[in-house]
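Q: What follows is a structure written as structure tokens; I'll ask about it next.
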Amino acid sequence: MLLAMKAFIFQILLFLLSVTFHCSAYSNYHFKVKEATYTRLCHTKKILTVNGQFPGPTLRVQKGETIFVTVYNRGRYNITIHWHGVKQPRNPWSDGPEYITQCPIQPGGKFRQKVIFSAEEGTLWWHAHSDWQRATVHGAIFIYPEHKTSFPFSAPYAEVPIILGEWWKRDIVEVFEDFVRSGGSPNVSDSFTINGQPGELLPCSESAKILSTVSLNTFPCPGNRPCEGPNGTIFAASMNNISFELPSIDVLEAYHYHIRGVFGHNFPSQPPLFFNFTEPFLPLILQIPTRGTEAKVLHYNSTVEIVFQGTSLLGGIDHPMHLHGYSFYVVGWGFGNFDKNKDPENYNLADPPFRNTVSVPINGWAAIRFKAYNPGVWFLHCHLDRHLTWGMETVIIVTDGEDYRSSLLPPPPDMPPC
């Protein structure tokens with residue numbers, strides 16, 4: 001009897017130890033988004049921060065780790081948080097772009113985000129993904145090798161995150177609202193920053209092919225008032241001549257629950273009109289895009305090639321195009337118009353750079369390839385805030401695979417309401 005009792009107690013201890021181990025497998029972080037007072041360039045103002053820090057706290061994780069971050073919105077404006085470069089396998093619910101994969105966290109609300117680190121290594125960053133709040137709401141992510149593995153080089157003596165940013169003396173929300181209202185180009189920032197300081201010195205199978213123009217455009221000014229864009233118009237931007245409009249319900253929720261009328265499935269695989277995209281003098285009619293909320297649907301595990309073609313509409317400029325949920329291979333780039341018959345012959349298929357953002361050169365093109373292995377709704381956009389606001393963006397929807405391991409995870413229970 002005594003022996004049986006000891007065996008029973010031993011089993012209970014093993015169970016409690018297993019529960020303790022399981023519960024400690026995930027790290028929990030708390031991001032309190034709130035205003036704090038900071039002085040830069042001899043000017044003091046309140047800015048939005050995470051936990052009162054600018055830049056925000058640095059996350060240190062291991063490859064393959066999953067963490068939970070509870071975001072509390074104690075500020076005056078809506079907020080979302082994006083984990084830049086983190087692929088989030090089957091989990092776009094916590095990816096962060098407002099009205100794409102979630103509705104924003106409203107003042108006084110909170111959202112517990114599950115962040116899944118899978119194949120990432122090295123240094124990434126997190127930032128706000130609502131309006132221009134990322135100007136002050138951002139921080140670094142250090143991803144260390146998996147447990148019981150080491151760096152492929154000698155351990156450094158020290159690690160110092162270096163975060164480059166911008167600083168406006170005015171309230172960033174006022175800068176954003178004036179920019180949208182005027183229809184012109186936004187005010188240039190008053191300073192660049194390094195770790196939040198201006199001038200601070202630190203010690204040293206199936207396949208899908210898409211050709212998408214990335215253009216600056218204009219819309220006629222509404223009403224009878226003049227606007228500050230070219231010839232009294234409003235600045236716009238587009239991909240394949242579609243200027244993206246954010247819906248009132250996030251695209252991920254509409255896709256998951258089959259809500260009709262929120263977005264379309266008709267993002268084109270090529271421009272509606274072919275012309276000399278880099279010609280210095282182009283007809284004004286080409287400057288006017290269409291408005292829409294169109295997504296591109298890709299089949300799970302398909303091989304995808306996207307060629308971004310810059311144009312000289314309103315003057316050429318380079319565009320840093322960022323894809324959420326994936327990294328991709330930059331297989332080629334060049335100047336002028338992309339030639340689908342000749343340029344692929346010079347693709348680098350031996351050792352192409354592996355990135356999550358590619359810079360499309362001025363009046364040139366860049367080609368990327370990736371495998372659509374991450375089901376869900378993923379944001380593709382220019383990472384220049386003004387171009388994002390003007391509409392240079394679209395949504396990639398990757399369908400589920402054949403089983404639960406290749407299908408979208410269920411939504412968290414506390415998704416913010418729209």
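Every residue gets a Cβ built from N, Cα and C, even glycine.
TrEMBL does not curate its annotations; it predicts them automatically.
As the structure is a computational prediction, the values presented were derived from the model and not from experiment.
TrEMBL feature annotations, pasted as is:
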SIGNAL    1-25  signal peptide
DOMAIN    33-146  domain 'Plastocyanin-like'
DOMAIN    159-201  domain 'Plastocyanin-like'
DOMAIN    289-401  domain 'Plastocyanin-like'
Q: Taking a Cβ cut-off under 8 Å, which residues six or more beyond the ends of the domain 'Plastocyanin-like' (159-201) line up next to it in the same chain?
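A: Answer is 38, 40-41, 43, 45-48, 54-55, 58, 77, 123, 125, 131-133, 135-136, 138-140, 142, 219, 221, 227-229, 233-235, 385-386, 389.
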Q: Summarise the model's confidence over the domain 'Plastocyanin-like' (289-401) as a mean pLDDT value.
A: 96
Q: When the domain 'Plastocyanin-like' (289-401) is classified with DSSP, how many of its residues are helical, how many are strand and how many are coil?
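A: Helix (H, G, I), strand (E, B), coil: 10 helix, 56 strand, 47 coil.
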